[in-house]
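Participant: Questions regarding the structure given below will be posed in turn.
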Amino acid sequence: MCGILAVLGCSDSSQAKRVRVLELSRRLKHRGPDWSGLHQYGDNYLAHQRLAIVDPASGDQPLFNEDKTVVVTVNGEIYNHEELRKQLPNHTFRTGSDCDVIAHLYEEHGENFVDMLDGIFSFVLLDTRDNSFIVARDAIGVTSLYIGWGLDGSVWISSELKGLNDDCEHFESFPPGHLYSSKERAFRRWYNPPWFSEAIPSAPYDPLALRHAFEKAVVKRLMTDVPFGVLLSGGLDSSLVAAVTARYLAGTNAAKQWGTKLHSFCVGLEGAPDLKAAKEVADYIGTVHHEFHYTVQDGIDAIEDVIYHIETYDVTTIRASIPMFLMSRKIKSLGVKWVISGEGSDEIFGGYLYFHKAPNKEEFHQETCRKIKALHKYDCLRANKSTFAWGLEARVPFLDKDFIRVAMNIDPDYKMIKKEEGRIEKWVLRRAFDDEEHPYLPKHILYRQKEQFSDGVGYGWIDGLKAHAEKHVTDRMMLNAANIFPFNTPTTKEAYYYRMIFERFFPQNSARLSVPGGPSVACSTAKAVEWDAAWSNNLDPSGRAALGVHASAYGNQVKAVEPEKIIPKMEVSPLGVAI
């Protein structure tokens, strides 16, 4: 993984332009502190800041085909690169990098090879034979990527806004699952799964098929030549990631290099719900556990750095990014270069507490589709940028293409929350890993209520942020909010405070347009706010805004009912996980 920057067709091949590209590339150095590279071909520049994880010794970029007529700069991990190399017997590879296959696949298949890649990636490929180029981003947008256009006719590509915002007339987020071709001067979607149309699936729920698909997604991500660990909050998603990793680590190449002892990491305020649960899970699965504490003041002191790095003014993203940013620095100081994390599960399975109010399976499924499509603006952005701020990579098995295909093909009636049947949020995932003979997790962890990360690190965290904003944003300032910020007008003092900081770093109109907005309760889309009339008066992205659902809802208006655990015993069949 790394940071990439490309300037294409700028009509300037001078040394001064090269120096400018190098200067902008250094703005991404935090993403790749291990090596930097720049390839110039005429008025095209491909720059790279490398975080070396696979083949650290020889995998520096940009990468080339045999005669160096095809040049690639890529940020990503290609998990099926060994299989793809076998399909290219007539090609000679210069490095052992997993990304080395991209230039050679292009030679064989032209622009139509992207769907062959199993992994996370964003790349720029320059074909010097006709001076054409393509740009692509992974299916869900796990890797961050932006595109911009200069007045001189140039096209700019950068892993982060800060690599292009000062030099482009217009820029925007590069859409996930898309390819941009210079020949067509247009985007086209290469990722076309059945769920994208939001048609309602009808496949019956198969717990073992779901379990096996997730185990395979985790195991394929254990591709590494450097030390790694797992983020463990003690919630369902991160606990399952950690449990599966711990169970299968011994049989992987990673274990041969780094041993079979898995390291886990958690962060929170003193007494936070996550810390207690994470320690219990770590003890249960046998990890070497690292618990990091921070104070509300530590988090407040980091707000400006975090907004600079994550490049958003979205409230819930900032709330959750700050503890992740602080934890990532600690993790990197221990010599760890990447971690496995649990993002994506709530979107796929309707895990957010507001899904309790979904009126029917059709709206439930359509909301999950909307949430997955928007992940690159929220949780993927947070996980990518708050870790890469310190040169740490996050891998997310729940967003594996094959796993999403299996999970999103399930009839959504099985995902619906039905308390009378003992079905709480993410019931299909919980049941899939409820193995009486070979348990993955303690029962009460497997059935722990959903906590959003910004809540789980300590309920005092969000309250502290709100109190801090209250001191810096006056009532008079809020009266003028619509005039000062006509787009995505902040409706709370906390949102206003973050917006002021963002605009100082990124004052361009394109920057403010790159951030999503609209009403939300407990991380819902604007459409789902309509599910409960009371929510329109309680718009807050915290899970505790789900009144009548969260056990510690704001004001304790309604105490949540603890669902019964009516879980039938499952037969266990061979896992069939390829290691």
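Placed from the backbone N, Cα and C atoms, the Cβ positions cover glycine too.
Features from TrEMBL:
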- C2: active site, for GATase activity (ACT_SITE)
- 2-185: domain 'Glutamine amidotransferase type-2' (DOMAIN)
- D98: L-glutamine binding site (BINDING)
- L231, V267, S341, G342: ATP binding site (BINDING)
- E343: site 'Important for beta-aspartyl-AMP intermediate formation' (SITE)
Participant: Roughly how many angstrom lie between the C-alpha atoms of D98 (L-glutamine binding site) and E343 (site 'Important for beta-aspartyl-AMP intermediate formation')?
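Facilitator: Pair distance, Cα basis, whole Å: 23 Å.
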Participant: Listed ATP-binding residues L231, V267, S341, G342 - what's their greatest C-alpha to C-alpha distance in Å?
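Facilitator: Across L231, V267, S341, G342, the two farthest Cα atoms sit 15 Å apart.
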Participant: Across all the protein chains here, work out how many other Cβ atoms are within 10 Å of the Cβ of G342 (ATP binding site).
Facilitator: 25
Participant: Between the Cα atoms of the residue listed as 'active site, for GATase activity' and L231 (ATP binding site), what distance do you get, rounded to the nearest Å?
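Facilitator: That separation, Cα to Cα, works out to 20 Å.
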Participant: Across all the protein chains here, work out how many other Cβ atoms are within 10 Å of the Cβ of S341 (ATP binding site).
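Facilitator: For S341 (ATP binding site), the 10 Å Cβ neighbour count is 25.
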